[in-house]
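Some notes on the structure that comes next.
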Amino acid sequence: MIEHGFETVVLWTDACFFLLLGAFAVGALHAWRRPHLRRSWARVGERPAGMAAMVVLLVFLLIGILDSLHFRAALPPTAGQTETVYATEVTSVLDVVMHRQRTDVERTYSAPLATHAFVKETVELPDGGQRRDFPRLVHGGAHLEDAAQDHGADIASHLMRGAAVGVGLSLLAAAVLSVFNGGVGRLIRGQTQLAWRSAWLTWSIVAVVAGMLLSLAQGYHVFGTDKVGQDVFYLTLKSVRTALMIGTLTTLVTLPLAIALGILAGYFGGWVDDVIQYLYTVLNSIPGVLLIAAAVLMMQVFIENHPEWFATAAERSDARLLALCFILGMTSWTGLCRLLRGETLKLRELEYVQAARAFGVPTVRILLRHVLPNLMHIVIIALVMDFSGLVLAEAVLSYVGIGVDPNMASFGTLINAARMELARDPMVWWSLAAAFVFMFVLVLAANLLADVVRDAFDPRAG
Amino acid sequence: MWAYLVRRLLYALPILMGVNLLTFALFFVVNTPDDMARMQLGVKRVTPEAIERWKVERGYDKPLFFNESAEGGAQLTDTVFFDKSLRMFVFDFGAADDGRDIAREIQQRMGPSLAIALPTFVLGLFVTVSFALMLVFFRATPLDFWGVVVCVAMMSISSLFYIIGGQWLISKIWHLVPISGYGGGLDAPRFLALPVVLGVIGGIGSSTRWYRTIFLEEISRDYVRTARAKGVSELTVLFRHVLKNAMIPILTGVVVVIPLLFMGSLIIESFFGIPGLGSYTIDAIQAQDFAVVRAMVFIGSVLYIVGLILTDLSYTLVDPRVRFE
């Protein structure tokens, strides 16, 4: 699809996402250089749960990054054309990787790995008659000569091939890890300083499962297809990006607001404190969902009334996603702000801050050099802990109809569409199951990491 | 104490005013009433007359803050801000898009909302506190470890899946209770059982962990060690000492939500078709009925502030050191 060239497209969420990744990399470098920070992060890595969670999250992050590299493919040149014309559709690298799943659309529902459709249709018989039967799928298992006979064996061979690739990747990882950790024995017995064994085991499971899924996806719809025949596996992978965006971009709003206002309120006290406290009490006193609902409704009106701002449908749903992140951020900075205010109140009275003040160090410098670094552990804990909550919130909000654009793949829209299908008999369960599994793994990994990070960074935890 | 109450109520006024201004800005300043009309009427049918009619029907045709064409006091009262915002303080919310009075609708729907939310709250509190106490009793054993694992796993499941799964298993496969609906009188328990149970299960994960942390913090204190040293049994320590002293942090998190129970639960009510305030809000959001959403925001913040005051009052019940002078 990109044989004629392409033009990169940077959507707003992509830009913010990569900005955040960059900031994260700078922060990691900074932490690497400071022994006490490195110690805290090492404590995260020493826990098997922490390493396992990080591996899973990194895999999700990879999917998210692949799906955030957007471009517009050039259309095949026609005769007499001087300029390249680009498609209006914005595609991502993930779309290229999953090209087959994206374009192989069935007519309607089909079960996972099925070769025949899920609902009966009128089929034309070779002798000219008609019969009600389950027709063969256009793409799912289309390579089989005799679907009934070869189906099982073909699936098994796909599984074997996928598993073989997965095992290969696992062995490769084991080899690399043993080189850096002094031998295979130490890795397998778990005698490394960081919990590399747990990371390796997790990676092996992920590699084998992913290998099998991707191998099966070459001939079948692994998780079936939805009402309009789209591949559910593809939709689920696309949802990962949306979940990551909601979980991470929101911090772009919460962090600056919470840190700036929390420090100001705590350090200066007096009327500054009163104003900031008033501000967050007001925001806090509106039940979260309702405030989000009101803001999203207004955003919808705004986007609806300014169609000229958005050239493509992708830009439009992207703007909506970004706006949703901002709204979630505006409604969720208050908790962190209150924590930071309280901590700053304590820090302000400590001797070294008093000393700095007595020496006439400028206030800005005191705040940046002496107060802010000592608040960072709270910020990091809050950041990791909020992530899973935001991913879960996205599903609920999209279900209510105040989440992401209905055309954007997300866990919420998947669940919402699947809910109606549960009433069918026999039941269409696969899109729900796919959303459940992916969401569960993502949120569980985030929760586990949050626990480990809290234990490692909270000075109160022994 | 009365002086304290009056002071707290007076302090609530500026906060409500802030909420009011914020919602007003959200609903009328970010987008003009014309924009809202265009959105609701759809792009095709929009004519200036239709927009004007839409605005007149809802009373949005007046100036926002200051009416120059009116006389005297009406210059300030005959405005959108007075009609739509200030009148909320006397719980006059005007009419919804279907023409019904919002305040009356809210009164009628509070009952069903409470019928779900109150049992869920009480039962949920009982179950999670007992579960947490059990985990603390068996702390540092495999039971505690796996209990926490189960909690983390349960926390990681979206509430939507609990409801969908419960409806599927209990109503569709086992046919124990109707899938959705609501009935008064003796019929009510049949309809309420499933949403209440699912509401409780959905909250077990995070609440249990939260209470467990509180109890563990309390159990490492000196007075607990003293109690054990003088031979008090572990169970008595848990219930007489730990639970009692953990009441302050528990109350801080719990009492605040009691008034908000009136608001019902958005998701549960909409899944089970219960005619409460939660489904009212969802319907309003989906139909883009701005007046109803505004009213719910206001009521929500009033109830939250009531919850804060109740929290402070509840401290006096469990902690004799707390007094209001």
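Every residue gets a Cβ built from N, Cα and C, even glycine.
A TrEMBL annotation is a machine prediction, not a hand-curated record.
Summarising the annotation, TrEMBL assigns transmembrane segment to A:12-32, A:52-71, A:163-188, A:200-223, A:243-266, A:278-301, A:321-340, A:375-402, A:428-450. The domain 'ABC transmembrane type-1' annotation in TrEMBL covers A:240-450.
Across A:321-340, A:375-402, A:428-450, the stretch most heavily in contact with the transmembrane segment (A:278-301), judged by Cβ pairs under 8 Å, is A:321-340.
Among residues of the same chain six or more beyond the transmembrane segment (A:428-450), those with a C-beta under 8 A of the stretch's C-beta atoms are 44, 49-50, 52-54, 56-57, 60, 109, 111-112, 118, 223-224, 226, 232-233, 235-236, 239-240, 243, 247, 381, 384-385, 387-388, 391-392, 395, 411, 414-415, 417-419, 421-422. Residues of the same chain lying 6 or more positions beyond the ends of the transmembrane segment (A:163-188) and with a Cβ under 8 Å from any Cβ of it are 196-197, 199-200, 203-204, 207-212, 215. As a quick check, the transmembrane segment (A:12-32) and the transmembrane segment (A:321-340) clear the bar of 3 or more Cβ pairs under 8 A, pairs 6 or more apart, so the two touch.
Below 8 A, the CB atoms of the transmembrane segment (A:375-402) and the transmembrane segment (A:243-266) form 3+ pairs separated by six or more positions in the chain.
Long-range contacts of the transmembrane segment (A:52-71) within its own chain (CB-CB distance under 8 A, at least 6 residues past either end) are made by residues 2, 6-11, 13-14, 17-18, 21, 44-45, 90-95, 97, 195, 198-199, 201-203, 206, 210, 237-238, 240-241, 244-245, 314, 441-442, 445-446, 448-449, 452.
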